[in-house]
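These notes concern the structure reproduced below.
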């Protein structure tokens with residue numbers, strides 16, 4: 001849209017144009033958008049000025065996200081620019097039902113800014129919709145990724161601590177490339193024959209760990225939704241096997257299912 005004669009353009013058309021910018025914005029358009037904001041802010045119409053202010057706020061949020069994302073990439077790159085670095089994280093340590101799942105992800109940490117994956121953070125801080133969107137992007141852009149699980153029966157037989165470590169180990173060892181370094185969240189992965197550094201609150205600092213947490217959570221949540229089709233009385237589609245009041249009452253009423261962790265139910269049954 002040509003904004004040279006802005007005063008002759010109807011508000012609704014300008015708003016559509018502004019909404020389109022927000023939807024399709026890319027890093028390379030930053031200077032162009034700044035020029036548009038300047039023109040909107042000079043328009044005599046208050047509603048058009050508000051569009052300019054909203055667009056400026058959008059751009060500021062984008063710049064904040066760019067900085068946050070770059071910090072997460074740089075956190076991993078500090079271990080070595082030419083290293084293949086895998087992030088690994090698990091989900092499902094605490095639920096009463098279902099497997100524990102881990103994902104390992106190797107990203108290209110040296111891509112240009114505009115090719116980086118934005119909005120990645122601890123999977124628990126993202127909406128379900130955003131996690132699903134990022135899951136697709138991470139899988140497409142990753143050099144390699146792998147998902148592993150340990151089922152409820154093994155958790156009962158070997159214990160959750162062993163299962164937690166084992167699932168992280170399997171996720172890393174199943175990668176199609178061998179990383180030079182593995183970054184894990186919170187604690188080291190035992191018996192891993194690759195250099196490993198553990199990061200406290202790693203899913204909020206490391207782009208590789210945060211990416212793995214997203215893939216693991218999306219995979220497990222979708223698996224529990226599938227189980228819910230067969231075992232709908234437990235509400236797995238929305239509690240993912242965690243011990244909500246509704247879930248606990250269902251266990252007391254219907255008994256445990258084939259995917260429940262019996263070792264986790266001693267205070268319920």
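Cβ from N, Cα, C; glycine included.
Divalent metal cation binding, as stated in Swiss-Prot, involves 89, 90; the candidate among 185, 221 given for that site is 185. Residue with the densest Cβ environment among the binding-site residues 89, 90, 185: 89, by other Cβ atoms within 10 Å. In sequence order, 88, 91, 102, 168, 184, 186, 202, 203, 209, 212, 213, 216 are the residues of the same chain, not among 89, 90, 185, whose CB sits within 8 A of the CB centroid for the divalent metal cation site.
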